[in-house]
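Presented below is the structure to which this report refers.
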Amino acid sequence: ITAGLSWARLCKECGQQHEGQESHLYEYQDEVDDELVCHICLQPLLRPMDTPCGHTYCFLCISNFLKEQDFCPVDRQRLQLHQCRPSSLLVRNLLDKLIVMCPHYVECQQQMQRCELQPHLLNRCPVFRRLREEAEKRKRPSWNELKGRKDDSESSGDAKISASLSRNASRPQPDPGLINPAYEESEEDNTPLRSSLVAEANLVELFREEPEEVLGLRIVGGKDTPLGNIVIQEIVRESLAARDGRLAPGDHILEVNDISLASVPHARAIAVLQQPALLRLTVMQEKGFKIRDQRHPTHGTHGNADNNPGTVLQVTLMKSQRSEPLGIKLIRKSEESGVFILDLLSGGLAARDGKLRNNDKVLAINGHDLRHGTPESAAQIIQGSEVRVNFVVMRPTEAQEDRGSSKEGQHSRGSRRLPEPQYFRRRTTYMKDPPGGFSSQEKTVSLKKEPRLSLGITIAGGRDCRSRLPVYITSVQPVGVLHRDGTIKKGDILLSINGVDLTQLTYSEAVSVLKAQTAQSQVFLRVIQTISEESEDDIDATNKDELDSMDELRDEAFNWTPLWTRWLGLPSHMHWCRDIVLQKTNSESWGFSIVGGYEESRGQQPFFIKTIVPGTPAHFDGRLKCGDEIVAVNGATTVGMNNSSLIPMLKLQKNKVTLTVVSWPGSLV
């Protein structure tokens, strides 16, 4: 039955084989009302869009049609895609409730509402599960093959992740200058747990209900930066991407709507990701190390508990029948992403089994990654499971739990680090040059004004904000005196006003100083502007008008924030850094890869975190992020180092390493 099916070409949403840019295919049980049928493809509507003239089409159908034409297919009235709006919730609910058959009905014998097909395929369909397992076996190369591939790439020049890799689930070849302390085989003889790294390419569709809706991704990288690739640094809590649950920090975005991001600058990639409505992202996702046997590595069973992530355990619960509840209450926490066990109901299956505990963090259920999941998605997986439910959880050490519960008036949080890590940030003492292609220039403005007139600027940042940013300008109002002067621009970083230093102030302190100084008739303002060779305005002319209009919409709806690349040219004396202490056993890897060091084409480059591997100390610690710059290791500066000196330094640290990093917030899309 499945001999002719290819897992790579099999759509993970509808279960049929079709090209990525084609509409999903469903087998409907009953005849569908004509009012719910698209006038272009003559099939039941998918992601229905209403036109101003009162007609409804599938999103893909009308978007493809309007690439060639500029009118409505039915009444030929003038029409552009941005004029269309998603259909009402009532229409979408009617479509979701259409009864369809599983594409593997001959063996599966299941039918369900259309909205339930994807969960069925992912959790219950035996054919789909078998195809996935067979593909997993085929796509996992041995460690020696991976190592050989790495060696080949180092001698063959630049090996970027290209569009072809978006169809290839094996690990991409590393770029020149990429060092992988996370991936090095241990010299110890007692390391049976790790055999090879697993990575796979996946297609993720995100649909904006409104054109200006934020996806909730913070992005780093680009061809104009040492990272090269476009990488997700962070998922914003409660955002569209967080609710979807399939993307995670560290994912590399290879394509967006069939546009390759393999060799585009950062600003261009952000513009592509701001396209309205449907986004089809091809992403390369690290899945961690393949486990050879049923034992799971433990982390943090030694050393300082402040940096001790806890112990990873596997627990299997066996239901007497599929509908039996497990008796587990799941919650999310405000201070940490993921799903946590709040309580085990007395007399329930989990309580009787006795292996799960309150405050355990759920990392996975039945192989589904929940490190950045939600209680709702976890409950859906449990409800769709058969009689066996496999949990992978991380349990804080007893010392952590005791310390958390001893605080008067607080519940036990199992916090890994007390106090919160950002309070350890400090002004850096490590001086260095910015990455190649990035620089800065100082600008000064001296003007006379009426004391009652404001400068006409708005600001953000401050050393008390989450990322400890310097104060920067978010807008220059047309009515202000600085707008008429024209020197000061949005994104400029404030240095001083009338000789008063602003670089180390909190937001409220900066506001107070600016108000006091602008009350004077003479104002002398110093700012710094960061510069990149790839300007944010370097966008293909074919899309510039459309992207400019989208930027206007987003500026109206949201506070402006700088792109990640704006911070790269900032002089190092304005950086704030923090120490991150990682601990591991001798048999583990640190769990991160680095790009940077000396390059013939660009000279000395800073070292940046490029990848963080799931299931490793760097991942469980949670503070290290893709795009972070490593300025020192165990207090020794990385300035002037090359790969051959930094790799041994990291390898020599058997159980503990202190990384001093500078971290800038990724660009928000």
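Numbers run from 1 along the shown chain.
Placed from the backbone N, Cα and C atoms, the Cβ positions cover glycine too.
Per TrEMBL, domain 'RING-type' is recorded for 38-76. Per TrEMBL, region 'Disordered' is recorded for 139-192, 396-443. Annotated domain 'PDZ' per TrEMBL: 203-275, 314-397, 444-515, 579-665, in sequence order. Taken from TrEMBL, the feature compositional bias 'Basic and acidic residues' applies to 398-411.
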Q: Considering only the recorded stretches 38-76, 314-397, 444-515, 579-665, state which has the highest number of Cβ pairs under 8 Å to the domain 'PDZ' (203-275).
A: 579-665
Q. Against which stretches of its own chain does the domain 'RING-type' (38-76) lie, if we need a Cβ under 8 Å and a gap of at least six residues from its ends?
A. 21-24, 26, 28, 32, 83-88, 91-92, 95, 98, 207, 277-278
Q) Mean pLDDT over the domain 'PDZ' (314-397): what is the value? A) 85
